[in-house]
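**Q** Next up is a structure, given as structure tokens.
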Amino acid sequence: WQKRWMNSEYKPDLGKFKLAAGKFYGDAVRDKGLQTSENSKFYAISSRFKPFSNKGKTLVIQYTVKHEQKIDCGGGYVKIFSSNLDQKNLSGDSHYYIMFGPDICGSETKKVHVILNYKNKPHPIKKPIRCKVDGYTHLYTLIIRPDQTYEVKIDNEMVASGNLEDDLDFLPPRKINDPTVRKPTDWDDRIQIDDPNDIKPEDWDEPEYIMDTSAEQPEDWDDAVNGEWHYPMVKNPLYRGEWKPRQIDNPNYRGVWPHPQIDNPNYLPDFSIYSYENISIIGLDIWQVRAGTIFDNFLITDDEVYAEDFGDETWGETKGPEKEMNIKQTEEEQERERVTEEKYFEQRFKKKLERKKESGNDRAVRNTVKKEEL
């Protein structure tokens, strides 16, 4: 694999990949993949293949990701590049065609990226797609078709699909609001209004802070040093804040005004936004706080059926045994912890008995001495 994959040299302290199946797996040999091995590192590695264009063809990008370390913050996505990429200087600034795959950071970010480059600008998908976070190997598939539709699959099941033009902001909108039309001045779109019959109580206005007249000047207060003494200000328990009338349903509410739309004069259809020339490199350009992710079973093809079968023959055959091995390891670890805990409490119990025995002997000796003295 070292011959097929080239490490970037754009930074001297980039993280290192190693070939490993991880701590648990379905097959010790088949499940070996590229694993991140150092915490809090950037990683950059890529592999080159014969250039091709997906013009007029379906493009399928597929691979497996295993976050066995239960990653808390880090990328698990791949990038597709053109043939002119300088692999030794691969970095986050390198121009890419497609970025696809899971990204996790804290409790907020647990998503699948789908970012396509169009006219030298990256365009992310507008639909939220949640990724898997359970620590097992999962199969990620992106399908881009010549009819400009796309599909995202996780574990060979569709999780998102649509039209590229609709779900990514490649082009200006087909329709825009008619700039010559204005909302009527008598159009009321307020859902609620102030109740005209609600009147502020006379005793409402109380200051927020009042003087604490129960306070006394400290005996050591020196006006020359501290200035003239004043009663301290305290929160007024009668303060009720700014008065606002209660809200009622607006009887004149007419809903949201439907702005008339017209064809956008700046819109021009482009039926080639799905296609790329000289597709030639797949790369991993990621950051990981806690290392241990394994990437495997990379596949780029124009055959959706073949990709699905390939996923079933690789990930599909080892996912069950992988889970069984992990469950067995977890049970064994829990048993070891239980035995260790039992030994710990057993030792504490023995020491407690020994201390009670020693203290009992001491009392017996003291009682004998007292009798002799008497």
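Each Cβ is built from the backbone N, Cα and C atoms, and glycine gets one as well.
Nobody curates TrEMBL annotations by hand; they come from automatic prediction.
Straight from TrEMBL, here's the annotation block:
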- Cys73-Cys105: disulfide bond (DISULFID)
- Tyr77, Lys79, Tyr96, Asp103, Asp285: alpha-D-glucoside binding site (BINDING)
- 179-202: compositional bias 'Basic and acidic residues' (COMPBIAS)
- 179-205: region 'Disordered' (REGION)
- 312-341: region 'Disordered' (REGION)
- 319-341: compositional bias 'Basic and acidic residues' (COMPBIAS)
- 355-374: region 'Disordered' (REGION)
**Q** State the non-local partners of the region 'Disordered' (179-205) in its own chain: residues 6+ outside its ends, Cβ under 8 Å from one of its Cβ atoms.
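**A** Contacts of the region 'Disordered' (179-205) (Cβ under 8 Å, skipping residues fewer than 6 from its ends): 240, 243-250, 252-257, 259-260.
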**Q** Would you list the DSSP helix, strand and coil counts for the residues of the region 'Disordered' (179-205)?
**A** 0 helix, 3 strand, 24 coil
**Q** Across all protein chains in the structure, which of the binding-site residues Asp103, Asp285 has the highest Cβ count within 10 Å?
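**A** Per the Cβ count, the most surrounded site is Asp285.
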**Q** Cα-Cα, whole number of Å: Asp103 (alpha-D-glucoside binding site) versus Cys73 (disulfide bond)?
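**A** Counting only the Cα atoms, the answer is 8 Å.
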**Q** Write down the Cα-Cα distance for Cys105 (disulfide bond) and Tyr96 (alpha-D-glucoside binding site), rounded and given in Å.
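**A** Cα to Cα, Tyr96 (alpha-D-glucoside binding site) and Cys105 (disulfide bond) are separated by 22 Å.
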**Q** Work out how many Å separate Tyr77 (alpha-D-glucoside binding site) and Cys105 (disulfide bond) at their Cα atoms, rounded off.
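**A** Just about 13 Å between their Cα atoms.
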**Q** Fill in the CA-CA distance, Asp285 (alpha-D-glucoside binding site) to Cys73 (disulfide bond), as an integer in Å.
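**A** Spelling it out, the Cα of Asp285 (alpha-D-glucoside binding site) and the Cα of Cys73 (disulfide bond) are 14 Å apart.
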**Q** Can you list the residues of the same chain, besides Tyr77, Lys79, Tyr96, Asp103, Asp285, whose Cβ falls within 8 Å of the alpha-D-glucoside site's Cβ centroid?
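**A** My list of surrounding residues reads Gly75, Val78, Met99, Phe100, Gly101, His113, Ile115, Gly283, Leu284, Ile286.
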**Q** Please report the distance from the Cα of Cys105 (disulfide bond) to the Cα of Lys79 (alpha-D-glucoside binding site), rounded to the nearest angstrom.
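**A** Between the Cα atoms of Cys105 (disulfide bond) and Lys79 (alpha-D-glucoside binding site), the distance comes to 19 Å.
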**Q** Counting across all protein chains present, how many other Cβ atoms fall within 10 Å of the Cβ of Lys79 (alpha-D-glucoside binding site)?
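**A** Its Cβ has 28 other Cβ atoms within 10 Å.
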**Q** Can you give me the Cα-Cα distance between Lys79 (alpha-D-glucoside binding site) and Cys73 (disulfide bond) in Å, rounded to a whole number?
**A** 19
**Q** Does anything in the same chain, at least 6 positions from Cys73 (disulfide bond), have a Cβ under 8 Å from its Cβ, and if so what?
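**A** The answer is Ile104, Cys105, Gly106, Gln288, Val289, Arg290.
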**Q** In the compositional bias 'Basic and acidic residues' (319-341), how many residues does DSSP call helix, how many strand, and how many coil?
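**A** Reading the DSSP string over the compositional bias 'Basic and acidic residues' (319-341) gives 23 helix, 0 strand, 0 coil.
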**Q** What is the total of other Cβ atoms whose distance to the Cβ of Cys105 (disulfide bond) is within 10 Å?
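**A** Excluding its own Cβ, Cys105 (disulfide bond) sees 15 Cβ atoms within 10 Å.
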